[in-house]
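For reference, TrEMBL has these:
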COMPBIAS  9-20  compositional bias 'Basic and acidic residues'
DOMAIN    116-297  domain 'Malic enzyme N-terminal'
ACT_SITE  Tyr139  active site, proton donor
BINDING   Arg192, Asn447, Asn491  (S)-malate binding site
DOMAIN    307-560  domain 'Malic enzyme NAD-binding'
Amino acid sequence: MESAAETAEAEKEVAAEKEVAAAGGGVEDKYGEDRATEELPVTPWAFSVASGYTLLRDPHHNKGLAFTERERDAHYLRGLLPPGVVSQDLQVKKIMHNLRQYKVPLQRYVAMMDLQERNERLFYKLLIDNVEELLPVVYTPTVGEACQKYGSIFRRPQGLYVSLRDKGKVIDVLRNWPERNIQVIVVTDGERILGLGDLGCQGMGIPVGKLSLYTALGGVRPSACLPITIDVGTNNEQLLNDEFYIGLRQRRATGEEYHELMEEFMDAVKQIYGEKVLIQFEDFANHNAFDLLAKYSKSHLVFNDDIQGTASVVLAGLLSSLKVVGGTLAEHTYLFLGAGEAGTGIAELIALEISKQTNAPIEECRKKVFLVDSKGLIVSSRKNSLQPFKTSWAHEREPVTTLLDAIKSIRPTVLIGTSGVGRAFTKEVIEAMASFNERPVIFSLSNPTSHSECTAEEAYKWTKGRAVFASGSPFDPVEYDGKIHVPGQANNAYIFPGFGLGVVISGAIRVHEDMLLAASETLAAQATKENFDKGSIFPPFTNIRKISALIAASVAAKAYELGLATRLPRPRDLEKYAESCMYTPVYRSYR
């Protein structure tokens with residue numbers, strides 16, 4: 001039984017935790033963004049003004065018609081707004097009504113970006129309350145088209161652009177960003193945007209979209225997020241000849257010139273924001289992605305969503321699918337079409353989890369996983385001609401050149417597509433999988449939808465409704481033989497927002513592979529029998545903020561366990577602590 005002294009000490013600890021949570025894990029909450037400060041009144045500007053005109057144009061503080069009568073008097077808004085006062089919920093209802101009038105997804109995207117620039121809280125309230133409907137608008141697949149046309153739809157700059165012209169003064173460019181308490185940076189060089197290739201400077205749509213999900217789904221403050229595009233040129237002739245292109249009009253820099261700029265950028269980030277800022281590499285081409293991750297993971301807090309985030313969400317899907325198909329991870333055989341960042345990243349995480357479960361050496365566990373690239377099955381006889389990141393998967397087998405021949409030779413139980421080649425899973429391929437598997441597991445992960453290896457309808461139809469299916473982009477429910485199948489979406493958005501929050505609240509200084517495994521296991525545990533009965537191996541996105549808090553807690557716990565966390569003392573209840581640190585978009589009362 002606890003003594004009075006112990007009880008008092010525990011209460012003191014909880015109070016201290018609340019105090020830290022109110023500071024967003026140790027960082028002052030000057031905009032009143034976190035759940036812990038939801039009830040506290042805030043001052044909506046840092047300097048005095050004689051008119052509320054400026055306030056109405058500040059997206060951090062603007063409420064539109066939701067300013068109360070008292071606030072309109074106190075902040076010089078009389079006459080600048082119509083006399084009607086409406087609630088935030090009514091504002092959400094009106095904007096959703098307007099968005100649904102648009103028939104073209106890109107129009108919805110532009111309307112959402114305009115709202116984000118005008119009224120930040122309303123944007124996030126809208127996204128959080130309608131996540132399943134709006135996620136495909138602010139992210140894949142619509143963001144792909146937005147990046148392709150970014151020059152044409154560009155209105156106000158979002159994020160920072162660092163170009164070759166800034167070499168030698170990157171630190172000055174970073175100082176131009178108004179916020180100093182940055183916790184998450186998403187950076188791209190635009191060379192491999194989704195499955196669409198080199199979009200140069202127009203790849204900015206990806207960091208902007210990812211960070212809006214860090215906030216909406218993971219609760220990381222908007223003011224703590226910084227989207228960055230590194231512009232080193234583009235090899236896309238269409239963009240170079242496009243009068244509306246917004247980036248450098250030159251061929252893409254490579255080699256020493258490229259790596260010197262990246263090094264200057266990484267050093268500048270650490271110098272200005274410290275070593276606890278999470279830098280997420282996004283949509284870099286294979287040849288740079290692996291090198292950058294390997295180089296900077298020892299000195300910076302870095303994470304590559306294409307390699308590690310994709311791997312984590314797919315591993316979660318596989319762990320979840322075992323509850324449907326039976327067996328352990330080690331008892332299944334895995335075949336990939338595609339051996340780039342996503343394919344090799346997923347393969348490595350599967351092998352790591354098998355090794356963890358069986359205590360077998362990682363080299364042994366890799367033998368359960370096979371990869372097919374553009375030249376056929378990766379085998380030992382090809383070792384001398386393979387890129388370094390593929391050599392771990394060169395097994396002793398007879399070479400075969402087609403996916404269908406590889407399936408017949410290996411007889412996998414799991415088929416995973418990360419090739420970026422639309423409709424690569426043909427009728428023959430899927431029927432072959434179904435011929436020797438009662439419940440073939442088929443993951444068609446390439447984005448956007450047009451690049452998916454097969455559709456949900458094809459997977460269910462060609463397996464006579466027996467497939468356990470997941471895709472990278474969303475597909476509508478499919479009716480087959482009188483049963484409705486709801487395809488799961490192996491969307492990285494299940495993982496990276498909660499992962500980022502876990503890193504932030506623990507003050508982690510490095511990313512460890514065990515933190516990714518912890519995130520996968522936590523996500524897999526959230527899928528229920530109800531989901532499986534509908535055909536989905538992932539939980540619904542409507543629960544995503546709760547899922548993100550659970551993932552954040554498990555990632556933070558692993559960071560503390562590994563000695564990588566710096567935020568001390570460790571909170572007693574990491575899940576509650578994560579929830580208290582999460583951004584909430586409800587309007588604050590202004591003094």
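Placement of Cβ uses the backbone N, Cα and C atoms for every residue, glycine included.
Small disclaimer: the values here were computed from a predicted structure and weren't measured.
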Sort out for me which one of Asn447, Asn491 has the most neighbouring CB atoms within 10 A, since those are the binding-site residues we care about. Asn491
Alpha-carbon distance [the residue listed as 'active site, proton donor'; Arg192 ((S)-malate binding site)] in Å: 16
In Å, rounded, how far does the Cα of Asn447 ((S)-malate binding site) sit from the Cα of the residue listed as 'active site, proton donor'? 11
Could you state the CA-to-CA distance between Tyr139 (active site, proton donor) and Asn491 ((S)-malate binding site) to the nearest Å? 10
Assuming the binding residues for (S)-malate are exactly those in the record, Arg192, Asn447, Asn491, what is the maximum CA-CA distance in angstrom, rounded? 18
